[in-house]
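S.K.: Following this message is one structure expressed as structure tokens.
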Amino acid sequence: MDNSSSRRRFLQTLGLATGALAAGSFANAQEVAPLAPKKITIPDPNNIGPMTTWPPRKPGAIYMGGFRAPKLDKVRVAFVGVGERGSMHVGQMAVIEGAEIVGICDLYEDWAKRSADVVEKKTGKRPPIFTKGPEDYKRMMKEVKPDAVIVCPSWEWHCRVTCDVMKMGAHAFVEVPMAVSIKELWEIVDTSEETRKHCMMMENVNYGREELMYLNMVRQGVIGDLLYGEAAYIHELRGQMKQVERGTGSWRTYHYAKRNGNVYPTHGLGPIAQYMNLARKDDCFGRLVSFSSPALGRAAYAKKNFPADHKWNKLDFACGDMNTSIIKTTMGRTVLVEWDETSPRPYSRLNLIQGTLGTLAGFPTRVAGEKLGNGNYHEWIEGKEKLAPIFEKYDHPLWKRIGPLALKMGGHGGMDFVMLFRIIECLRNGEPMDQNVYEGAFWSSVSELSEYSVAQGGMPQVFPDFTRGDWKTTAPLGIVQ
């Protein structure tokens, strides 16, 4: 494709047809109907970037890195969005000691009732449901006055709901990504600072057993000084396009059609960023370059699986099947970030972290280094039998404490339960969250930055500093006991 053709194609995607997102709803894990016809923000290829400077902190606002809220004996939790993802959180939150589910909001009454049924079965108490439109969560906030809200609507609603619940007095815990634009991320950061409420993007992968163990190994210096990381979200999800009226595919498909970059970066990036202490005293995000492959798979899938006049076959899919980005940190370290939700290939998040003394990698779990095994770093230590001594020595204390129960509870191998458990534990003990609002903003900002870079032929994009320089004062995430 020549440059002029590529440019025309890009410019054609700048607008989203009115009502294109109207199929969205609170119904799915990350799903809500829009307030009004709303456009997905697509960067102008002639613009130098989304934001290369940052606004000053507002009067009365405080830096939230390491913030400790007053202890809560019992945490009253409400939910906005209880579809596939939100309902999973409901089932697990209902059994966590010290948490009480006090309200459930969703556009679909049947799905709200389904989650209320789960809570009643597990606890004997039935929470009220709120299903009178997309802003009924505000009525819920006024009536039940929750301490914390789990925010699981569609991406277009993350910013609005998250900011509203903080302004109405609750800590906010929002599904990934935190928001879809740099502007929205700044709004969330500012609201958290002004209200002095926690806002944590719920990156569950940081609580996986492998990820926790690698964090423990990195903190103990097993692989020396960190140099390089590889992160990814490789997950074939074309089948979601069959969710035409309700479900993730009913709204997410439009993102594949109208954007071109890494639209879902945080699952792979979150753990790598915390291994490296990015935005925590040692180092920070610097700049990013990004490239996308041709966009072929979604159109081919639509043609094969839907009638010729189906709405999916009327879309001109812009998002490359594979996006590859490289992040350069302020210390000069590099991170590869890949994204592909279209190609027929096995699932992977890569999860590779390389240091001066060795390398830890995922998919499959394998390690090599001067301090590992017999020191033969020319071969991986992999497989259940060979890795057993590694897990025995370096398993994270948090996983040792919670892991067995988490495995019984399920949720992506237990990581979901560990995450929710830690949220409640931190709120009850008045501890800082394991992931602060700035980390969620940095990790999520890769999406729009990658779109700008792709649109400009791979030109570098500077990360906004959501901490306004205060990352240098933020302690690295320790090894939680």
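The backbone N, Cα and C atoms fix where each Cβ goes, glycine too.
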S.K.: Return the residue out of Asn204, Asn216 that Swiss-Prot annotates for the same NAD(+) site as Glu84, Arg85, Asp106, Trp155, Glu156, Trp157, His158, Glu175, Val176, Tyr264.
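M.R.: Of Asn204, Asn216, Asn204 joins Glu84, Arg85, Asp106, Trp155, Glu156, Trp157, His158, Glu175, Val176, Tyr264 in the NAD(+) site that Swiss-Prot records.
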S.K.: Hey, Swiss-Prot has substrate bound by Arg252, Tyr264, Pro265, Thr266, His267, Tyr347. Any idea which of Tyr233, Tyr275 it lists too?
M.R.: Tyr233
S.K.: Which one is it, among the binding-site residues Tyr233, Pro265, His267, Tyr347, that lies nearest to Glu156 (NAD(+) binding site) by Cα separation?
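M.R.: Nearest candidate: Pro265.
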S.K.: Between the Cα atoms of Asp106 (NAD(+) binding site) and Pro265 (substrate binding site), what distance do you get, rounded to the nearest Å?
M.R.: 26
S.K.: Find, among the binding-site residues listed as Glu84, Asp106, Glu156, the one whose Cβ has the highest number of other Cβ atoms within 10 Å in the structure shown.
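M.R.: Ranked by Cβ atoms within 10 Å, first place goes to Asp106.
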S.K.: Return only the integer: C-alpha distance in Å from Val176 (NAD(+) binding site) to Tyr347 (substrate binding site).
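M.R.: Cα to Cα, Val176 (NAD(+) binding site) and Tyr347 (substrate binding site) are separated by 18 Å.
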S.K.: Return the residues near Tyr264 (NAD(+) binding site) by Cβ distance under 8 Å, restricted to its own chain and a separation of at least 6 in sequence.
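M.R.: The list for Tyr264 (NAD(+) binding site) reads Val176, Pro177, Tyr233, Trp339, Glu341, Ser447, given in order along the sequence.
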S.K.: What's the CA-CA gap between Arg252 (substrate binding site) and His158 (NAD(+) binding site) in angstrom, rounded?
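M.R.: Cα-Cα distance, Arg252 (substrate binding site) to His158 (NAD(+) binding site): 14 Å.
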S.K.: What whole-number value in Å do you get for the largest C-alpha pair distance within Glu84, Arg85, Asp106, Trp155, Glu156, Trp157, His158, Glu175, Val176, Asn204, Tyr264, the residues recorded as binding NAD(+)?
M.R.: 24
S.K.: Calculate the distance in Å between the alpha carbons (Cα) of Tyr347 (substrate binding site) and Glu84 (NAD(+) binding site), and round it to a whole number.
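M.R.: That comes out at 20 Å between the alpha carbons.
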